Every structure is written in structure tokens, then in C-alpha cells.
């Protein structure tokens, strides 16, 4: 993964998690002491962050994308299990802090299952985000490569305006003018348009598409002169008398 893709996946991650933590803090502080709300929100968001980061950065690239499905499933189950146990230990007794009423006791198995399922949902969302972002990045990269390819091809066409091409085109236009061909004047105008575009128009940061298309069309029209065969018909009148060759015998 290059730096561009890394920056794409981690666009404003810290801002996202801070805002997410504030949302949890706001929800929990509305029905329990602020200190307990800070602890519960911090542990909850930290567990979700670990799941999301491990899924996006480690589990999918090193296991799922390499088709190590059994190892991937085992690591996901173990990671969620450890985080759920850690959450239960830190929150005393787990999701009971979400109620703010210590006299309400949920069965610990229910609390653990609920937390495990919640972390598994976070893992699923992180996986979906990873695949969606990778797909979007691949489409962007493909579009960028296609654009660069078009720019390269156009640059190759522009580079055809070299002295050799210019001299050949001038010679062809001169031939048309010498033969009094009707295409001589339009070809001179097209050659002028090529030079104007190459020297002035294409130096701008942005060029209209119609100018690019016009440049390519004019360039191909000028290059087609090299493949034109000019047929000239010479009419010869028969001579008035046929030449004769006389042979004389020399006597010594």
C-alpha cells in the first residue's frame, strides 16, 4: 500500500474518533455520573477502535486478501473475545455502567454476549468500509491512469511538431502551390493553426477539449500529405516523321 492509499484510508481518522467519543460521552452522561460516563465511553470507543484498526490494517491485508480464511476467522474471534473480556473487567461489571443503576444486575453471560455481538458488528462495518474504500480507490487510480495515458498519447502527437515534420509539411504545401492545387491555401492555414497551438495555446494549464480535438485532426491531416500520390499526366505528341537509322558499309 503506497502513501496515497494510506492517506486515503486515514483521512481525518483522529477527528472521527474524537467526535465518536464525544457522542458516546454525551449519551452516557445523560443518565449516569460524568466520571463513569467518561470511563465507559473511553473503554467502549477504545475497544471499537482496536477492532476497526486491526481489521483494516492487519487482518484483511495479511489474511483475508491472501485467502487465509481459517486463520482470519480464528484471529477475529480471539480478538473480539479478548476485547469483550477486557471491557467487562474495566467497566465493573461491564454494560451495567450503561444504565447508571448499580442495583440492576444483568446476567454476566448476557452482558458478555451483548458486548461480543456489538464488537462483531463493528468488525463487519470495518470490513465493509475497507472493501468499499479499496474499490473506490481502485476506480480513482484506474481513472487517473487512463487520464495520464491520454495525456501521454497527446504529448506524443504534440512532439510530432519537430523540424523534420515541419520541413516535410512545407515541402508538401509548396508542391501543392506549385501545382496550383486548391488544397494549398487550406493546408497553409492548418499549418498555421498547428504552430499557434503548439507555441501558445497548449502552454496554458487548461485547454478546451475542442482545441485538443482540432489539433489532433489538423495534425493527422498534415501528416496525410506524406502519403498522397500526385499523379501527373504527360501528353506526348507523336513525331512528324519516324527516325531512321542508316547503316553504311565502310570499304577499306
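Placement of Cβ uses the backbone N, Cα and C atoms for every residue, glycine included.
Look at TrEMBL and you will find 12-31, 37-60, 69-88, 115-132 tagged as transmembrane segment. Look at TrEMBL and you will find 152-221 tagged as domain 'Signal transduction histidine kinase internal region'.
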Considering the transmembrane segment (12-31), which listed stretch of 37-60, 69-88, 115-132 counts the most C-beta pairs under 8 Å: 37-60
Tertiary contacts of the transmembrane segment (115-132), as residues 6+ beyond its ends and Cβ separation under 8 Å: 9, 47-48, 51-52, 55-56, 60, 64, 76, 80-81, 83-84, 87-88, 94-95
